[in-house]
Amino acid sequence: MDLRRLSISKPYSLYIPITRLLTHVTSTVKQQHDRHFEQPTPKPQPQPHTSPETCNQHLLKLVSSLLSNPSLDPSKCKPFMSNLCPQEFDRLFLAVRSNVNPKTALHFFYYASKTFKFRFTVRSCCLLIRLLLFSNLLSPARLLLIRLIDGQMPFLFANNQANRHVEITVAMVNLNVVAEPVIGVQVADLLIHVYSTQFKNIGFGHAIEVFSILANKGIFPSLKTCNFLLTSLVKANEVQKAIEVFEIMCRGVSPDVYLFSTAINAFCKGERIGDALGLFTKMEELGVAPNVVTYNNIIHGLCKNGKLDEAFLFKEKMVLTEVKPTLITYSILINGLIKAEKFDDANYMRKEMSSWGFVANEVVYNTLIDGYCKIGNIDEALKIRDDMVSKGMTPNAVTFNSLIQGFCKSGQTDHAKNVLEEMISSGLPINQGSYTSVVRCLCINSRFDSALRFIKEMLLRNLRPGDGLLTLLVGGLSKNGKHAEAIELWFRLVEKGFAVNTVTSNALIHGLCESGNMQEAVKLLKEMLQRKLVLDKITYNILISGFCKEGKLEEGFKLKEDMIKRGIQPDIYTYSLLLHGLCNIGKLEEAIKLWDESKRNGIGPNVYTYGVMIDGYCKADKTEEGEKLFNELISMKLELNSIVYNTLISAYCKNGNIAAAFKLRDDMRSRGISPTSATYSSLIHGMCKLGLVEDAKSLFEEMREEGVLPNVVCYTALIGGYSKLGQMDKVGIVLQEMASFNIHPNKITYTVMINGFCKLGDMKKAAELLNEMTEKGIVPDDITYNVFMNGYCKEGNVEEAFGVCDHMLSEGLSLDEITYTTLISGWKPSTFTNQE
C-alpha cells in the first residue's frame, strides 16, 4: 500500500488505495449484493416510490388510522388481519410511513406476530427500525433488529439463513433512498454494533460484510463506530481483516488520531511495519497529531521486529513533540531490550524510567527476571527479584514460573524443586512449562520419586504431561526397578482420559521385559488391546525380545502370529530376535526355516541377521557354513561390522585355527573396521589355549598402540593361559598390571585362578581367593564352587567337598550334574572302608 498517495481534499474523501482487496469477504458480498439488486425475489415488492393511489384505499385508511394513534387499539386489528398478506401490509406500511407513530407500530408488530402469527417482511421490519431511530428510540430499535436477526419473531425472508445479514442490509440500503439521509449513518452504526457485539460468537465476518455493502453504496458508519469496529478486529487478532476494513473506511471517513493509532497497531501486528511507519507519516502530514498510544504502537511494532534503534528514535521524537512517555512505553522498550539480550541497556532504561517519576511495576520486573532466567543468569534474576521485594512488591506466579525455568537452566534442580513446592503450598497458578522443566531435571538426575510426585500433582490439576516427559519418566522408573509405580502411573493417565501414546507404553513394556517381568508386560499388553490403544511393531518386538531372552520361544512365535492377525507385518528386527532365540537354544534347523520364511516374505536380511545366523552355525560347530554366509554377506556388498568378524574369529580360536583368526583380523582392518577388545580377547584366549601365552601377552601392546584398552576379559584369558601352565607366579604379575590400570578381577577371573591353584593342589590359596572374592561382594556361582569342590576331591578330602556342597545349598544354588559327578568321582573304595 503506497501511503504517500493518501490525500484529503474534503471531509469523507480520505482514500487509501487497497493493495489486497477483501477477497475472502467482499467477493462474496459483491455477489450476494448484486443478486439483491439485480435479481427479483420470488414475490417482487413495489419500489419505494409507491404512492397511496396504488394501494387499496380502504385498507390504507385503516392501517394509517391504526398506526398513527398514540396507542394501539387491538380491537381494530382483527377485522382486517385475517385478509392481509405480508406483501400487501408492506406496501401499505411504506405508503403511510410519514404518519406512523413508531411506538404504536412497534406494539402492532409484536401483537400481530404473537396473536395472529403474522409474518412481516424484512423490509417492513427495517422500515420500522428506521422510524424508531428517527424518533431517538434506540433501545427498541436495537431489540427489534436483534429479533429480526436471531429469528425469535416470525419474519418473511427471501434467502436462506446464512445470507440473512445481507438481505437485511440490502433492505436498509434500499430504504435509504426514500428516507432521510442522516438516518443512514445511524442505521450503519446500529447494524455494525449489533453484529459485532450481540452476534460476535459467529465471528466478525457478518459485521464486515454488512460494512462492505453499506460502503459500496456510500453509506459509512460514524467515526466512533469505525473506531469500535477496527479496535474489535485488532483485539480479536483479525489483523488482516482490520487492515482491509481500514482501507475501505478511508473512502468515506476522515480518520482521527484514534482510528489512525488502531490502524497502525494492526499494521504492526500484521508485521507490516513499513506500512505502519508510512501511515504515521501520513497522519502527521494531514495535521493529525500522534498521541502516546500512537507512539507506543509504533515503538512496540519496531521492537517486535528487532528494530530497536528506530524504536528509540521514536521515543526521542515523542519527547521532542511534548508527548510524555508512559509506563507502557518503558515496558515495551525494556521488553525489546531483554529479547535482544541487552540487559545492561534494559537496566539503564529502568533507572531512566524512575527519573521520570515512573515506578516499575510487576510487569517490568518480571520481564527483566524472565530475560535473565532464559539465558541461565539466575544470580542476576534473583537480584532483580530482591529489588522488587524491597520496593514493596510481592513476587507473583509469573515471577516464580520464570525463576523455576532459570534454576532448571542453570542446573540447580533442588532450588527449582523448592520453588515449585512453595507455589503448590501457596495455591499459586503454575504453568505446565514449570512442571515439565522440574520433572525433566529430576528424571535426568534419576530422582524419579520426586518426579512422579509432581506428575501426580499435575494430574490433580488436570494438566496432561507431554508424551516425551511421560516416556522419560516411565522409562526411568522401569529401569530403576520401580515397575509398580510406572504401571500405576500408566493406569492413572488412562483413567483421567489422558490417552497414553504408544511410545510411552512401549517404554513401560520395555522396562518390564528388561527386568524379566514378562507376566506384567503381557498383562499391560492385554490392557492396551482392551482399551483399543494403538500397538506397533516396536510393542511386539519388545515383548518378543523379552520372551526370547528367557528362552520362551513358543511365546515369542505366538506374538509374531498375533501381530500378523492385527495387520502388523513383522520386520527384519522381529525375525532377527526369533532367529537369535532359536540359535541360542541350539535349534539351528528351525532357525534356517525361519530365515527362509523371512526371505519369502520379501524381508531381505541385513548384516545383523547374517551375524545371528553365522553365530548360530558357529555355536553348532558348523564353522564352514558360517564361512559361507560370511562370504555371501561380502558378495551382497552389505556394510560389515566388527560383530560379524568377531563371531567368526571367536569360532576359529575355539577350534584352534589361529591362522584363520588372524587372517580375518587383518581383513577387517583392510576394510576400515577397527578390531575391538572382543576381537583381541578371542585371539588371546585362542593362543593361550594352544599354550602360546607369551605370544598372547604381546598382543596387549598391540592393542594399546591401536587405541584399544585391554579389559577384564582380555586379562582373564591371559590368566587362564598361565593357570593352565601352572605358572601362578605370573598370574600375580598380571593382577598387579590390572590394578595399575584400575581393572578389577570379576567372578570368572577368580574362578579361573581358583581352578589354577586347585590343579596345583594348593587348596589353601584357592580358599583364600574364594574368601577374597566374597569379601569384595563378588558372589561365587555354581561353576566356582564346582571348581573348588573338584580340587578337594582330587586331594581326597571328600568331607571338605561335601562341606562346600552344603554351603552351595545354603546359598540357594542348585546342584547340577557336574556337582554330582565331582562328588561321586571323589568317593573311592578306601573312603567307604575308612567310614566303616
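One-based numbering along the chain as shown.
Cβ coordinates come from backbone N, Cα and C, glycine included.
What TrEMBL records for 32-53 is region 'Disordered'. Residues or ranges marked as repeat 'PPR' by TrEMBL: 256-290, 291-325, 326-360, 361-395, 431-465, 501-535, 536-570, 571-605, 641-675, 676-710, 746-780, 781-815 (among others).
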Report summary line: Sequence-distant residues near the repeat 'PPR' (676-710) by C-beta distance (under 8 Å, 6 or more away from its ends) are 642, 645-646, 649-650, 652-654, 656, 658, 661-662, 665, 668, 717-718, 720-722, 724-725, 727, 741, 743
Query - Beyond the flanks of the repeat 'PPR' (536-570) by 6 or more, those residues with Cβ under 8 Å of it - result: 502, 505-506, 509-510, 512-514, 516, 518, 521-522, 525, 528, 577-578, 580-582, 584-585, 587, 601, 603
Requested in this report: Kindly report the helix/strand/coil residue split of the repeat 'PPR' (501-535) according to DSSP, in that order.
Outcome: 26 helix, 0 strand, 9 coil
Query raised in the report: Which whole-number mean pLDDT does the model give the repeat 'PPR' (431-465)?
Result: 91
Query raised in the report: Do any residues of this chain, six or more beyond the ends of the repeat 'PPR' (431-465), have a C-beta under 8 angstroms from a C-beta of it, and if so which?
Result: 397, 400-401, 404-405, 408, 411, 413, 416-417, 420, 423-424, 472-473, 476-477, 480, 482, 485, 489, 492-493, 496, 498
Report summary line: DSSP composition of the repeat 'PPR' (256-290), residue counts helix/strand/coil, works out to 26 helix, 0 strand, 9 coil
